[in-house]
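Visitor: Structure in structure tokens, see below.
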């Protein structure tokens with residue numbers, strides 16, 4: 001029998017082990033309900049026994065009732081204990097449910113974080129791949145960089161970089177004004193020469209400029225050079241009004257003031273107004289001074305420059321030719337000012353593709369400069385450089401190369417004497433390095449290839465441009481070692497020039513910081529400084545920067 005009872009208990013325990021949590025909770029609730037009902041029933045019986053006990057006397061029957069009451073109290077205690085344990089089980093079940101719910105939330109968070117981590121890993125891998133591709137592209141671009149620089153050099157081989165114009169150092173320019181007076185001269189020089197030039201004009205033109213007009217003229221120049229057009233323009237207009245009242249419209253003084261006002265308008269980019277004023281001044285000078293007067297040639301040249309600035313090369317060419325004819329007639333065909341006019345005319349023709357005429361004009365100007373000013377005059381090198389640019393445009397690379405070498409050789413001879421085996425110009429060293437590049441490769445500095453480019457004594461913009469252009473030509477021929485030699489020499493020369501400019505600016509700041517600050521503020525606004533010059537004929541002219549074809553920036557010098 002004992003074995004049977006053990007088997008029954010084991011079967012019951014096995015059944016309990018197979019119950020789910022929900023089934024256990026449900027069974028527990030049923031047990032609680034049963035225990036509550038049994039407890040209520042025992043309480044009723046106990047109350048009934050107690051009331052019966054009150055009615056009975058103390059005898060055997062009352063003892064029996066007390067014994068029953070005692071048993072029922074014990075049963076109630078056991079029922080209450082069972083209820084307490086059942087409630088504890090319910091509370092524990094609720095707690096387990098809450099723990100399970102929190103565990104599920106944490107698992108969901110873990111899954112989400114794992115997904116985010118995987119996404120970040122994928123993004124990192126993609127970024128690393130892109131970075132690797134970018135580095136490969138950069139390496140390829142570095143390999144092609146020198147070739148692309150060479151292609152760019154072909155487009156701007158006639159770029160003439162002035163060390164004092166750092167901003168324009170990389171822009172392509174047609175050096176029209178390179179043969180004319182330097183644009184960077186002190187504007188005050190032109191102001192100081194006004195009285196002497198006005199006197200010469202009075203002698204040649206047969207009229208005398210009033211002192212008041214000369215004063216106004218100088219004031220306008222001063223204000224315009226400072227960029228104070230709001231003052232310069234009213235001064236010109238007031239002077240014009242007074243002159244027309246006293247002398248009439250058709251008077252040389254009126255033409256002079258019209259020319260000055262036109263140049264002020266030109267600097268403000270008011271080209272249409274400037275052209276109208278110059279045409280009016282031209283008509284007055286032709287009427288009062290004659291069609292072949294030098295002042296007429298100056299006005300014609302100013303008007304041609306203005307048309308060239310607007311890209312109207314065909315309209316500018318006949319004006320420039322007429323100015324050339326007047327200068328040849330008055331000054332002679334071999335005068336340096338005629339050569340300046342020839343250079344203006346050559347560039348106008350070059351922008352129209354008339355290369356045969358360009359060659360003729362440049363060659364003629366070169367002959368005049370060499371004859372009248374000597375082979376060492378800066379205008380000779382500049383004209384050769386312009387002529388070489390014309391050759392390059394036509395594909396005449398051999399002729400261009402010859403001119404470039406002549407410029408560099410002459411620059412070397414001026415500084416270090418005649419060329420021999422121990423004293424060679426830079427282009428010879430460059431070609432020697434090209435020939436020896438397969439035999440030896442050294443990192444020699446340029447100090448071993450002559451001293452003029454290392455010392456930067458020959459640091460003119462023309463020589464710097466020639467170095468760059470000849471270097472571009474070498475690249476076209478596949479002479480990369482020679483090209484690098486010239487390009488590095490040009491870079492050093494330009495750097496030395498910029499250092500000199502910085503030192504000069506520091507000195508200017510120390511001497512007169514207020515004026516320098518004003519000029520810097522004007523330069524920051526890209527306002528060109530107007531420089532008026534009066535020739536011996538009394539014609540006011542200006543050196544101006546001219547935009548050609550929207551890309552090339554050229555300097556049109558207004559010759560006298």
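Backbone N, Cα and C define each Cβ position, glycine as well.
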Visitor: Among 108-155, 156-203, 204-251, 252-299, find the range that Swiss-Prot records as region 'Disordered'.
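Guide: It is 156-203 that Swiss-Prot annotates as region 'Disordered'.
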Visitor: Can you tell which of 444, 521 Swiss-Prot marks as phosphoserine?
Guide: 521
Visitor: Which of the listed positions, 62, 418, 524, does Swiss-Prot note as phosphoserine?
Guide: 524
Visitor: What count of other C-beta atoms do you get within 10 angstroms of the C-beta of residue 460 (phosphoserine), across all chains shown?
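Guide: Its Cβ has 19 other Cβ atoms within 10 Å.
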Visitor: Quick check for me: are there 3+ Cβ pairs below 8 Å between the repeat 'TPR 5' (381-414) and the repeat 'TPR 6' (464-497), leaving out pairs under 6 residues apart?
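Guide: By the criterion, they touch.
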Visitor: Count the residues of the repeat 'TPR 5' (381-414) that DSSP assigns to helix (H, G, I), to strand (E, B) and to coil, and report the three numbers in that order.
Guide: 31 helix, 0 strand, 3 coil
Visitor: Please spell out the DSSP helix, strand and coil residue counts for the repeat 'TPR 1' (213-246).
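Guide: Summed over the repeat 'TPR 1' (213-246), the classes give 31 helix, 0 strand, 3 coil.
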